[in-house]
Amino acid sequence: MNLLAFDWALLIEKLVLIAIIITISLVVAMYATYGERKVAAWMQDRVGPNRAGPFGILQPLADGMKLFFKEEIIPNSSNKFLFILGPCLAMLTAMMTSAIIPWGSELRIGDRVISLQIADINIGILYVFGVVSMGVYGIMIGGWASNNKFSLMAALRGASQVISYELAMGISLIALLMLTGSLSLKTITEQQMAPGHYWNVLYQPLGFLIFFVCALAECNRAPFDLSEAESELNMGYHQEYSSMKLGFFLFSEYINMFISSVIMATLFFGGYDIPFIDESKYNPNLMAWLGVGALMVKALIFIFVFMWIRWTLPRFRYDQLMNLGWKALIPLALINMVITAVVILKYFN
Amino acid sequence: MQALTQKSKPVSREPMSLMEKIYLPAVLKGMSITFSHMFKKKPTVRYPEETRPFSPVFRGLHVLNRDEEGRENCTACGLCAVACPAEAITMEAAERKEGEEHLYREEKYAARYEINMLRCIFCGLCEEACPKDAIYLSETFAPASFARKELVYAKNDLLIPNPKTEPEAFAKAKGLKPIK
């Protein structure tokens, strides 16, 4: 009776954890749309949404409601199955990455130790890369299934951008992995928390910069939002989409932004580490909760920087984008990797 | 080729220097500019709650005036309609009957008085033409409407409240401070 020996409490615990994390990601993404509009407004000396509720706090709900009640249009000549699959894939891949992120250390309830991570797999970063590169299928399939040449071209722009920036992103991470010697995000976080160790960004500043620029491109955020290009280039890959299917595409962008912020915080900024405090001296449960808070604050700061950049920089032209990716970021990442390798071989071996 | 205006600015076409090619200094400079804008004073006027003050000569919606005893000033002479460049004003005159002295100041009055707000250009010439101080332009806007006919304002829409029976509404319409 192997089935009965199974730890059912573990299943329930993980299910609850999954529900909470997905809800949090959705709520953060929802309020990121609000934050985006507020930040944009402030940077342009405007007030921003302030009509729905106090300070416009209900604006995301109103937007969501509007999208739900809009007419659903599926073009006659489109491939209906793929047309619907596109936004689903975009949303799915956006949510999937959250599974391996360590959101906090461990909670102790009675005898039970609950890890605040859905799955601590030892190939964590590879999993992230796998899922992120699947994200481009949402764009590609959505753009192709619309049977509209402008959508298709926008999707191609997006796909080529994501593929070229993934390379530099991967190489910049290799340097980090040589330093940590582990692919598991939990281990990487714990290494940074260990006494005598600093955050990885201090050891890999160039690597972080490259990773950050590539994360902007991977999320299709300005200045690399060529696949969307709202005000120009005919809207982008979701031109034929309406109602909540469009909402899913837009929403997945914000979830991606949140998740990539969390991943950057985990890889380079100590994850749930609270700076200047030795966590092991205090009550572990309290520290676990504070750690979750610290990770959230770091992620929110990153989200703000994402928005800050969006409302400062103009969009790259396509050839500039490719030049930056292939001729600047990839060589830089390679140099960074070689230097890291040499330093590790020479001094830490 | 000779330039058509003096406004053109010379643009450097030289290839970018290394500092410019790195982008980052310029990016950081731009970001510091946008960040400083976050704390600047917003020029926004939150409209329904706040309104911009109008100048005393602002020409808004028309008001048909009454005298201090609450009698209509207008005698339907038609000078405003003649003066109106947009031909927005229409009226019909009538003779004051016995016992209507408390309603109309003089023997003749306007039985019908309409201003088509879709035609009106708010030039204020009717106000200037009026010999009886019966029409003037207030400091309010013409509100939007879904139907054309609702924007043809009849006498009821234009008349100022009676100072005898509704002194507060009258003071408000006049723009006077409430009398205590």
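Here the Cβ of each residue, glycine as well, is placed from N, Cα and C on the backbone.
Beyond the transmembrane segment (A:15-34), the same-chain residues lying 6 or more positions past its ends with a Cβ under 8 Å from any Cβ of the stretch are 49, 56-57, 59-61, 63-64, 95, 98-99, 103, 114, 116, 118, 250-251, 254-255, 257-259, 299, 303. Residues or ranges marked as transmembrane segment in TrEMBL: A:15-34 (among others).
Listed by sequence, the residues of this chain that lie at least six past the ends of the transmembrane segment (A:81-104) yet keep a Cβ under 8 A from its Cβ atoms are 18, 21-22, 25, 74-75, 115-121, 124, 127-128, 131-132, 134-135, 137-139, 141-146, 185-186, 189, 238, 240-241, 245-246, 248-249, 251-252, 255-256, 259, 262-263, 266, 271-272, 288-289, 291-292, 295. According to TrEMBL, the transmembrane segment annotation covers A:81-104 (among others).
Using a Cβ-Cβ cut-off under 8 Å and counting only residues 6 or more beyond its ends in the same chain, the transmembrane segment (A:124-146) has close neighbours at 75, 78-83, 85-94, 96-97, 99-100, 152-156, 158-159, 162-163, 166, 169-170, 173, 177, 183-186, 218, 220, 227, 237-241, 249, 252, 256, 263, 267. Look at TrEMBL and you will find A:124-146 (among others) tagged as transmembrane segment.
Here TrEMBL flags A:167-185 (among others) as transmembrane segment. Remote same-chain residues near the transmembrane segment (A:167-185) are listed as 100-102, 117, 120-126, 129, 191, 200, 203-204, 206-208, 210-211, 213-215, 218, 263, 266-268, 271, 325, 329-330, 332-334, 336-337, 340-341, 344 (criterion: CB distance under 8 Å, separation of at least six residues from the stretch ends).
According to TrEMBL, the transmembrane segment annotation covers A:197-217 (among others).
According to TrEMBL, the transmembrane segment annotation covers A:254-274 (among others).
Per TrEMBL, transmembrane segment is recorded for A:286-309 (among others).
Per TrEMBL, transmembrane segment is recorded for A:329-348 (among others).
Remark: the transmembrane segment (A:286-309) makes no contact with the transmembrane segment (A:329-348), by the rule of 3 or more CB pairs under 8 A. Same-chain neighbours of the transmembrane segment (A:197-217): 161-162, 165-166, 168-169, 171-173, 175-176, 179-180, 188, 191, 223-224, 260, 263-264, 267-270, 273, 275, 306, 309, 321, 324-325, 329, 332-333, 336, 340, counting only residues six or more beyond its ends whose CB sits under 8 Å from a CB of the stretch.
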